[in-house]
Each structure stands twice: as C-alpha cells, then as structure tokens.
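J.: Annotations per TrEMBL:
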type     : residues : note
DOMAIN   : 7-130    : domain 'Peptidase C39'
DOMAIN   : 166-444  : domain 'ABC transmembrane type-1'
DOMAIN   : 478-713  : domain 'ABC transporter'
TRANSMEM : 166-188  : transmembrane segment
TRANSMEM : 200-217  : transmembrane segment
TRANSMEM : 272-295  : transmembrane segment
TRANSMEM : 301-318  : transmembrane segment
TRANSMEM : 388-408  : transmembrane segment
Amino acid sequence: MSKTDYSEQHGGPLLDCLLTLCRFHDRKLSRESALAGLPLVEGKLVPSVFHRAAKRAGLSSRLATQSLSAVNPSLLPAVLLLHDDRACILTGLDPEQGNARVIWPELTEAEVSLPLDELQRQYSGKLIYLRPEFHFDARAPRARKKPDGHWFWGVMTENRPLYRDIILAAIMINCFAVAMPLFVMNIYDRVVPNHATDTLWVLAVGILIVLCADLGLRLMRSWFVDLGASRADVKLSAAIMEQILGMKLADRPASAGSFASNVQAFESVRNFIGSVTLVALVDLPFFLLFCLIIGLINWLLVLPILVGTVLILLYAALAQRKMQRLSETMIRASAMRNATLVECLSSLETLKTVGAESRMQGTWESTTLFLSRITAQMRLLAASVSNGALWVQHTVAVALIIVGVYLITGGHLTQGGLIAAYLLSSRAMGPIGQAAALLSQYHHAAAAMESLNNIMARPVERPQGKHWVSRPILRGDIEFRQVGFSYPDAERQALADISFRIKAGEHVAILGRNGSGKSTLEKLILGLYEPDAGTILIDGVDIRQLDPAELRRGIGHVPQDVSLFFGTLRDNLTMGTPHVDDAQLVHAANLSGLAGFINTHPSGFDMQVGERGQLLSGGQRQSVAIARALIKESPILLLDEPTGSLDHSSEEQIKQSLAQIAQGKTLILVTHRSSLLALAERIIVVDNGRLVADGPKAEVLEALRQGRIGSAA
Ligand code: ADP
Ligand code: MG
C-alpha cells in the first residue's frame, strides 16, 4: 500500500459532484471540511444532508423532484441523482437535438455529450440546484445582527409561512367566537318572546355551520403548531449536536453531566414553542374586539373586564421577577445534580473501591433537596398566577352580571344582551388568564435558551465562513517553533518555549517525568488545542491552516487513556475510517496483536466491547487503540505510552510490528519502557514543560545515565 493511501477518495459520488461544482463556482471546499461531522450513510454523502455540505462552501442548494424536460436550463449546472445512488452534473440540455451535456465527476472533469433518452433511463427523478450565496467581505460590515444568523431564530423564521397560517386560523377562530353570543342574544330577545321557531332553525343551522368550521380550524391550528415545532426541533437538535461536536476542546465545559443537562434544557424550549397555549398569545389582540362588541351592547359592562385585566396583569408582572430568578436557579441546580449522577455512573467501580459512596450520596441528596424546594416554590408561584387569574375571571363575571341586572332594571339592556356580554367576557378574559399562566413556562424556556445561547456562542474548530485549503499531510515533517501553551484556567504553563524539528520518516522517543508535558505535546500536534505562543508546522505549513479533520486523518494516534464506544470491535476499529475493507482490518489486527484474541472469541470482530470498552481488559483496549491507529495508514504515528498496559509478549509483538510499519513514517513515541526505545533513533527529553535534551539516542541515553541532563525546575 502506498504512503498516501490514507487520503483515499471518500464521500461518494454526491461529494464528487459538489467538489466539482465548487471549482466551477470558484468556491473553496476540501473533502474533509465538506464532510466533517455530517451524518453519512456508509461513508457517503446523501441528498438529505447535501445542503449542509454545500453551505460550507457558500452554496445554497435545493432538492427538486422534476422530470428532465422540466429542468430550467438557466439554473444549470445542477446535480442529477441517478439510480443506484450514483450522481452526475448536468451542464446543458438540448431537447431539439435530443442531447444532454453532463460531467461524470468520478471519471474526469470534462463535459461529455449524452443522448437524452439514455440519461432519462438512469435519472432517478430528483435533482439538486445550487446557487452561490453572495459573500460580503470585511469592507461591508453588518449594521446589526440579522436573525437569520441566530441558531434559533434563524430556524424559526424559516417556518414563517407556517406561522402565518396559524395566525390566520387564529383570526378566523376569534371571529367565529362572536357568533355564539350573538346567537344566544337573538334567541333570548327575538325568538323566545315571539315564539319564532322558523327563525330558531335558521339561526341554529347557521351556528352549526360556524361551529363545524371552528372545529376544522382548531384541528388544523394544533396540527400546524406541532408541525412547526417538530420541524424546528429536528434542525435545532442537529445544530446543537454539531456545535457540541465542533467545539474547541479548550472551551469544553468542566463537567459533562451539567453540560448534558443544559443541552437537555432544550426540551423546555421545544415544549414552549410546541405548546398550543402559545397560540393564546395570538388571541390577545382579540380582547379588544370582544371589549368593543360588549361596549356596543352597553359600555358600562366593559368596566369590570378592564379592572379584572389590570389586576391579572399587575400580579403577573409582580410574580415575573421571582419566577425568572427561580427558573435560573432551577436550571443550575439540575445541572449540578446531573453532573453528580453522570460522574457516579461513569466511575461506579472506582467509587465502590475507594469507598466514596457516602460522599456522592450526600451531594446527591443535598442537591435534590434544594432542587425540590425550588421546584415547589416555582409551582406554587405558577399556581398562584393561574388560579388567581381564574378567580379574577369569575369575579369579573359576577360583577358584570350585577352591573347588567341594574342596567336591565333601568331599561338600558335586554336579557339577551346580558347573556351575550357574559359569554363574550369569558372569551375576552380567557387569553389574558392563559397568557399569565404561560409566564412560568416562558421563564423556564427563556432560562434554558440563555444557557443554550451560551453553548452556541462558544468557539468551534471550523467557524462558518472559514475556508480551508485541502492540504493532506503527505510527508510528515513536524516542526515546533518556540511553542508555549497553557491549559485554560491553569496557572502553570504546560509547555514553554519548545522548539524542535522532526524530519519526515524520523523516529523519535519523547521522555520525561509524569506531568512534564509529553501528552500535551501530542495533543498540540493533533490540533486538539492551539498553542498560545509560537507555531507548529506540519509539512512546512502552519497547523492553523490545516483543516482539523484533514490533519487528524493524517495522524495515527494511540492516546494514553484509551476510550472505546459502545458497539462491536469492528465498529470501534473502523469508526473514523469507514472505507477500509476486511483485509485491511485483519492486517491491522495482526499487527497490533489483537488477532490471537479475536480469532479465539466466538463472535470475532463482531464482539461487543461495551460502553467505554468496559467489556475488554485494559491491555486489550490498548491493542484496539493501536490497531485503530495503524488502520489509517497515515504518514505520522503519535503513540502515547502505547504499551503501558501490555504484557511483555504483546509488547514485543507491537515492537516488531512498529519496526516494520513505521518505516518511512514519522514516529513520535512517548514511553517509559526501555525496550521500545529500540524503535527510536533520536530522543527528546522534556521536563516541566521545557525541552531539556534533544539528540541521537545513544548520546542522550548516556547523558541521562551520567545525570548530565538536569531538570528544568
Ligand atoms: P505527561 O508528560 O505526563 O503526559 P501531560 O502533558 O499530560 O503530562 O500534562 C502536563 C501538565 O498539564 C500537567 O501538569 C497536567 O496537570 C496539565 N494538564 C494535562 N491535561 C490537562 C487538562 N485537560 N486541563 C488542564 N491541565 C492539564
Ligand atoms: Mg501523558
């Protein structure tokens, strides 16, 4: 296998089409940046996520279902989806000649002419139009933030037509609401005194029609509200996950559990936008309409309603401050509780061995107690608002009837008028009460939104609008120039003023005491963290210019703490390299010494490794990590104490495999085992974050033996 095998083309025909079109539109996009973090199917780009990859190159795209004859030639070139998951680019159509011009991206970039009916036979009926988005540069600064750019409001505004329909339905429903009171009023005032049963039937039929229409509209409205919420939910959840996975490690929150809880708080945002009670807000303006109609019946009847409304709003406003505070406290407390839970669950074994159960139990109980107290307060407050609103509504009704009776005795109002006013008043007060009750939900959602905004604003590895040039690592030169680095919130520098140059194909061992910065050095090469000072060059290119995904693809890494994921052994081995075939898989397993263990296991490569690889032993996990690193065929190998948990015979096997496979590759090996030093021809010693020795193996070992290499402290 050649040295550059790791950069093998992947991503499927759709990605090939996209890359070709990017060149056509003069947009820059590399294979890695197009795909990084997108959900792929068997390692291939699929039509449903095509627009997300295209957006990274500044192209907006639209999937259309059309026959070839209906294709608009002015919108070409477009991507045609063919049968069998193939695709091509349609650049021109000539129906008169019966010809089409297409580019087969997997072959060449040259246009070829094709008979239309031939293309028709392969065409699946769907195509994707692409259009370059206009790109403002730094000379045209944005006056104010557009809602489109906001992760939440941007998605919500996409559903604008849907919400317009919802509002329209609400308007109609409210207009219909006037019908019932008018019906009752006419029955009392006209039908009953005159025994006019004919009129009764006419009115009844009319009101029935209105009621049916009302039912239909209400059903439609709740369907649309749900539809809007679920559409938004899918997109927003995807955006949140993309943000989490794309976040820079330096900005990673301190606790996974509390972070997870903050992310889950999205649930309350979704419930809020998906609740039909939110529609009650649309009803609010109709309060005025109902008041106006009551006023037309008799203006004195409006007074109790106004007084009641003011009372409800005043109380809601008073409760609001407290509710906001409680919501925020609640979110923080539940984050803390979740953090305790997750930490306990993930290290249950250690917890038991160390005997720290009672401490964790204590933390858990105290946070739960606090949380339940806050929740109870919140509930009480919310209940006081909604029940208070109900009480006011009823009192308003009583007051309205008292006023009405006086008006009737004075001859200013008919009986029917009083009943209509009574019915209308409850319609008018309803939304006010609902809006007040919505307040607690709102504050909870707003607090959740605040913490989500916080998450969404954290810096990511591949910010939107940053264009990476595709530069696969081909040789494997690594150079550090006066690199300094400290972890976020750390008081001490983890690395200071480190300079060295490792030529492609060189094998270097890094030695140093615990905590001297060896692992940190490798994390910097992997681009997991950025240096605070100095530069790191790979193949002579500043690491910041390299797409993180492309960089990591070119590096086989065995971490000090191996982490596996729930799934089979095969899944874990091929996780980052879905295109490898079984032969490569077996080859890597042989090299890493996994083969013996796999061959004797009944399920072989399909054995379950358990969460975090719990079902394997420490040494087996390490072998898996080694196989995972070797499978990539990358020009750089970074091994961080790769044999720390291995027995002597496995170590010997790894050593031999490495000696064979590392030929021509850059190898950086952190180790405490003297036997592995045989692999290296050069040794770098770090101490306390500083480079204290760098030279040929024999010299450095001799100097170490004689104690000539001092510590940096
Ligand atoms: P080693 O040479 O043993 O591999 P490391 O590179 O892991 O040492 O660590 C170097 C220093 O950086 C240590 O003092 C350690 O406390 C600190 N450190 C390591 N990882 C982190 C981290 N994620 N956050 C903060 N400090 C860290
Ligand atoms: Mg280490």
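Using the three backbone atoms N, Cα and C, a Cβ is placed for every residue, glycine included.
TrEMBL labels come from automatic prediction, so no person has curated them.
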J.: By a Cβ-Cβ criterion of under 8 Å, what residues six or more beyond either terminus of the transmembrane segment (301-318) are in contact with it?
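T.: Distant contacts of the transmembrane segment (301-318): 287, 291, 294-295, 385, 388-389, 392-393, 395-396, 399-400, 403-404, 407, 413, 421, 425, 428-429, 432-433, 435-436, 439.
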J.: Check the transmembrane segment (200-217) against the transmembrane segment (166-188) for contact, please; criterion is three or more CB pairs under 8 Å, pairs 6 or more apart in sequence.
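T.: Contact between the transmembrane segment (166-188) and the transmembrane segment (200-217): present, because at least 3 Cβ pairs are under 8 Å.
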J.: If we skip the immediate neighbours and take only residues 6+ beyond the ends of the transmembrane segment (166-188), which ones have a Cβ under 8 Å from one of its Cβ atoms?
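T.: Long-range Cβ neighbours of the transmembrane segment (166-188): 199-200, 203, 206-207, 210-211, 213-214, 217-218, 220-221, 224-225, 228, 279, 282-283, 286, 289-290, 293, 414-417, 419-421, 423-424, 427.
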J.: Could you tell me how many residues in the domain 'Peptidase C39' (7-130) are helical, how many are strand and how many are coil under DSSP?
T.: 44 helix, 41 strand, 39 coil
